[in-house]
Amino acid sequence: MAGRLESCSSDPSSVSYLTQREAAEIDEELMGPLGFSVDQLMELAGLSVATSIAEVYKASEYKRVLAICGPGNNGGDGLVAARHLFHFGYKPYICYPKRTPKPLYTGLVTQLESLRVPFLSVEDLPPDLSTEYDILLDAVFGFSFHGAARPPFDDILRRLIGMRKSDQTNKKSPVIVSIDIPSGWHVEEGDISGEGIKPDMLVSLTAPKLCAKQFHGPHHFLGGRFVPPPIAEKYNLRLPPYPGASMCVHIGKAPQVDISAMRENYISPEFHEEEVDADPIKQFCKWFEEAVAAGLREANAMALSTAGKDGKPSSRMVLLKGVDEDGFVWYTNYESQKGCQLSENPWASLLFYWESLNRQVRVEGSVEKVSNEESEKYFHSRPHGSQIGAIVSKQSSIVPGRQVLHQQYRELEEKFSNVNLIPKPEHWGGYRLKPELIEFWQGQQSRLHDRLQYRPQEIDGRQVWKIVRLAP
Ligand SMILES: NC(=O)C1=CN([C@@H]2O[C@H](COP(=O)(O)OP(=O)(O)OC[C@H]3O[C@@H](n4cnc5c(N)ncnc54)[C@H](OP(=O)(O)O)[C@@H]3O)[C@@H](O)[C@H]2O)[C@@H](O)CC1
Ligand SMILES: Cc1cc2nc3c(=O)[nH]c(=O)nc-3n(C[C@H](O)[C@H](O)[C@H](O)COP(=O)(O)O)c2cc1C
Ligand SMILES: Cc1ncc(COP(=O)(O)O)c(C=O)c1O
Ligand SMILES: [K+]
């Protein structure tokens with residue numbers, strides 16, 4: 001593979017596209033019989049736009065955002081998006097030349113002013129947009145656009161078009177993000193002249209409009225996670241599922257990424273010898289609590305690496321279920337691959353990676369089984385389904401098909417339906433790794449990371465932990 005990867009996203013052919021009339025009708029229905037207010041929909045639309053941007057263009061690299069807002073609701077979406085982007089750590093600027101005196105819009109302006117977000121007139125805009133901004137947010141026209149753009153928007157659109165053309169030699173030019181419709185494009189026919197703006201990202205709202213079929217930029221997102229079933233049914237809308245609690249979903253052709261160019265620059269507070277706890281377990285607990293407080297999902301997930309007598313290592317994720325001075329505990333099937341390897345070679349390593357904190361913790365040491373009582377106690381604390389699952393699963397053995405697992409699961413569910421205590425299989429239980437090495441890694445800029453390693457040392461017959469700094 002030549003370093004190229006297609007990232008996952010929804011199949012564009014399975015998504016519905018709306019005509020201009022349908023878009024306007026849906027708008028009216030949402031705000032009529034379905035009880036929404038325009039403020040609500042605009043807030044959700046603007047939030048979807050801001051979260052889509054944050055998914056692709058990180059604030060650390062694309063900080064300066066110029067939101068160009070038009071006279072209608074598309075412009076309102078831009079104002080809302082700019083406010084959210086401010087709170088996400090971006091630096092927004094607003095160009096809003098044709099203001100609407102309605103309270104909704106004056107409120108949005110006041111909110112931005114209270115955040116000290118600068119408002120620029122068309123005359124204030126720098127002659128070359130490409131040097132001053134990292135993101136140009138096109139919130140000029142939405143689905144009610146018709147005809148040819150009138151002043152002052154005609155000139156602004158020309159500058160966006162010109163900037164992209166004259167900038168092809170520049171290393172990094174700003175990206176254009178269009179809300180709902182690339183402004184100036186025909187809502188259904190798209191970029192009729194072929195001379196229109198060429199956004200890098202399009203965030204369609206509610207459902208893509210027909211013109212979006214002509215969008216060939218790298219990032220097509222759908223936002224506006226508020227479509228109620230009556231609308232979806234009436235307009236026969238096929239929309240991709242939104243992941244988790246996300247306000248946006250990537251649709252369209254998956255962007256090609258150059259794996260070799262994928263890298264993050266870690267920016268973190270420095271991590272010094274003076275500030276760490278003399279006891280690595282206490283230090284681990286401190287970092288673990290910080291990972292949990294930072295809202296990391298499964299901060300207790302760790303990679304466990306083992307090797308049997310053939311010396312060939314293998315890794316898999318397991319969940320940390322306890323940690324104290326005696327070591328790190330996880331539970332599994334003693335007859336699994338890892339179980340067999342540990343019976344041949346009771347040494348292992350554990351690895352935690354807390355991505356958003358730029359932290360890694362590495363633990364190495366000897367492994368033994370926890371007491372049967374400890375395993376019993378933990379086993380019975382698990383949800384019933386997981387207890388049955390552990391009985392069903394002869395972990396790491398070949399199964400002929402998923403239905404076999406389901407069949408056995410159903411039989412056991414039936415068998416244990418009136419039983420208080422589901423018996424723990426003998427071959428299921430915990431392991432405890434007693435550390436002989438713990439290393440705390442804090443990512444830093446230019447790959448000059450902090451690495452503090454603890455190893456036990458005997459001083460006057462007493463075991464103490466020696467801390468050394470390792471080169472990154
Ligand atoms: N579920 C939904 O539906 C949701 C929709 N939402 C958002 O609403 C958007 C649609 O909003 P919208 O209807 O206000 O229309 P939009 O295009 O922003 O502006 C119309 C303005 O532009 C003007 N104008 C038109 N042509 C022009 C020209 N050639 N040159 C100059 N001006 C021109 C026109 O003036 P007029 O021609 O009427 O005098 C009017 O003032 C939609 O795309 C989405 O972003 C979300 O907020 C929430 C959920
Ligand atoms: C986040 C995560 C946590 C996991 N936790 C455990 C666990 O605590 N115990 C376990 O036996 N398997 C766990 N698994 C499944 C293992 O990664 C692995 O598939 C399984 O234990 C079989 O590994 P083996 O064949 O190398 O023994 C987890 C997987 C993931 C992705
Ligand atoms: C097969 C298996 N066993 C055990 C666990 C440990 O988790 P828990 O005891 O919380 O179910 C996991 C977690 O993913 C797992 O996949
Ligand atoms: K737009």
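Each residue, glycine too, has its Cβ placed from N, Cα and C.
Not measured: the values here are computed from a predicted model.
With Asn73, Asn74, Gly75, Gly76, Asp77, Gly142, Phe143, Ser144, Phe145, His146, Gly147, Ala148 listed by TrEMBL as binding (6S)-NADPHX, the candidate from Asp39, Asp180, Asp191 annotated for that site turns out to be Asp180.
When Asp27, Asp134, Asp138 are compared with the K(+) site residues Asn74, Ser183 in TrEMBL, the one appearing in that site is Asp138.
Among the binding-site residues listed (Asp77, Asp138, Phe143, Phe145), Asp77, Phe143, Phe145 have a CB atom closer than 6 Å to some atom of ligand 1, in sequence order. In this model, the domain 'YjeF N-terminal' (23-239) carries an average pLDDT of 94. Looking at Asn73 ((6S)-NADPHX binding site) and Asp138 (K(+) binding site), their Cα atoms lie 13 Å from each other. Around Asp77 ((6S)-NADPHX binding site), taking its Cβ as the centre, 33 other Cβ atoms fall within 10 Å, counting all chains.
In sequence order, Ala139, Val140, Phe141, Gly142, Phe143, Ile179, Asp180, Ile181, Ser183 make up the list of same-chain residues 6 or more apart from Asn74 (K(+) binding site) whose Cβ falls under 8 Å from its Cβ. Reported as a whole number, the C-alpha separation between Phe145 ((6S)-NADPHX binding site) and Asp138 (K(+) binding site) equals 13 Å.
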